[in-house]
Amino acid sequence: MELFLAIYLVPLAFVIFHLYKLLLRWGDHHCYMIGYECYKATDDRRLDTESCAKVVLRNKNLGLDEYRFLLKTMVSSGIGEETYGPRNIVLGKEECPSLADALSEMHEIFNDTLDELFAKSGVSPLEIDILVVNVSLLSSMPSLTARIVNRYKMKSDIKVFNLSGMGCSASLVAIDLVKHLFKTYKNALAVVVSSESVGPNWYCGKDRSMMLSNCLFRSGGCSMLLTNNRALKHRAIMKLKCLVRTHIGSVDDAYTSCIQMEDDLGYRGFRLTKNLTKAAAQALTMNLRVLVPKVLPLWELVRYISMTYQMRKVKMATMEGIGARLNFKAGVEHFCIHPGGKAVIDEVGKGLHLSEYDLEPARMALHRFGNTSAGGLWYVLGYMEAKRRLKKGDRIFMISLGAGFKCNNCVWEVMKDLEDGNVWKDCIDSYPSKSLVNPFMEKYGWINDESLSFIGLN
């Protein structure tokens, strides 16, 4: 009898032990966010209507037609009077940016957000196991991660990753990297720093498709603290539910729709083509085919399967066809859309059939801080938190689009009621703004007078 029990109990105990190990390993795969801190520049770097006009007029390559084009773009951009520009642009050094200017811009963002993050979380820089920095348009030596390690005297076995060229959707690329690293490193703490180097990449030529970036991009960034340590679950503000990445760089029109290059005069800049909206729709559609089954309940999935078949049948690749007949609110409560521009927000809203209430955070983030590239999502999230919209158990759908062309989306679950004023605390009561009309037209509307076409601006 004892031998019989031994024969059966030993294997059973072995199976139970390994199931327990698998359960523990599964638990370690969770990705919790402890906190995040967005960057807010000083007032001397503010780009209001007057400052933007001065920057435009300094460009001696522009004629009246180009100036008119910039005026119309500024008016329709959705950007307000209180965004922040790089210091070298404010000082009039856009045509000859130095490495020191570029590094100074990054150091201000890194130091400010990381100091706040460590102070508020109570976590020491020495405790950080993983550091990921994503800045698309600046790659220095030593790396940007090395500069952070040096400033905060982080430990020697920290795992560091420096991501470049990933565009506006880089923040979720970095978080996805951390999520996969958490499968290997148990009870780890990770820091993700997302920003963009705007100063050295200001376009000084006259190609209209490259002038658009000057109207949209502004200085900003965010630092985040993540962990897979279940003992810190009670301190977490959000938990990552799922993350899906889509890359359609194999499609030529999509690949070239958002690309860094030099114009015919040798001026380096960022070109945005007319294919951008089509590329965004295609990437978002492909991404949702994978993400939606992870998010929506069963009754909505039946509708999703039916609609997916119809979309493939008619080859729908427009934004408006993406979310037709799908009720995303059955699976998520909040929509955190990358504030890439008014047109991007409008098109995503149409595609997913979202209300103005859903789009408000993205519109207000664009209005107050501009397009801060990879850091943009977190200003949108900050708006939701400052407005006390985020309650325990709510789910947040983050949507990011970027060069490549990429669409990276994820869903977070809110772990506790959130109400920190963050970078919005000084102005949140004045939002949503009653009017998003840019005053540039009122002051410089004379530029549209056709009778002045013979006048040059040089």
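Placed from the backbone N, Cα and C atoms, the Cβ positions cover glycine too.
These features come from TrEMBL:
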type	residues	note
ACT_SITE	Cys168	active site
ACT_SITE	His247	active site
ACT_SITE	His334	active site
ACT_SITE	His338	active site
ACT_SITE	His367	active site
ACT_SITE	Asn371	active site
DOMAIN	29-307	domain 'FAE'
DOMAIN	332-413	domain 'Beta-ketoacyl-[acyl-carrier-protein] synthase III C-terminal'
TRANSMEM	6-24	transmembrane segment
TRANSMEM	160-178	transmembrane segment
Among the active-site residues His247, His334, His338, the one whose Cβ has the most other Cβ atoms within 10 Å is His338
Cβ neighbour count within 10 Å of Cys168 (active site): 29
Can you tell me the CA-to-CA distance separating His338 (active site) and Cys168 (active site), as a whole number of Å? 8
Cα of His367 (active site) to Cα of Cys168 (active site): how many Å, rounded? 17
Cα distance, Asn371 (active site) to Cys168 (active site), nearest Å? 9
Could you pull the average pLDDT for the domain 'Beta-ketoacyl-[acyl-carrier-protein] synthase III C-terminal' (332-413)? 95
With Cβ-Cβ distance below 8 Å and at least 6 positions apart along the chain, what are the contacts of Asn371 (active site)? List them in sequence order. Ile79, Cys168, Leu216, Phe217, Arg218, Pro339, Gly340, Gly341
Taking 10 A as the limit, how many CB atoms besides its own sit near the CB of His367 (active site)? 23
Measuring Cα to Cα, tell me the gap between His334 (active site) and His247 (active site) in whole angstrom. 24
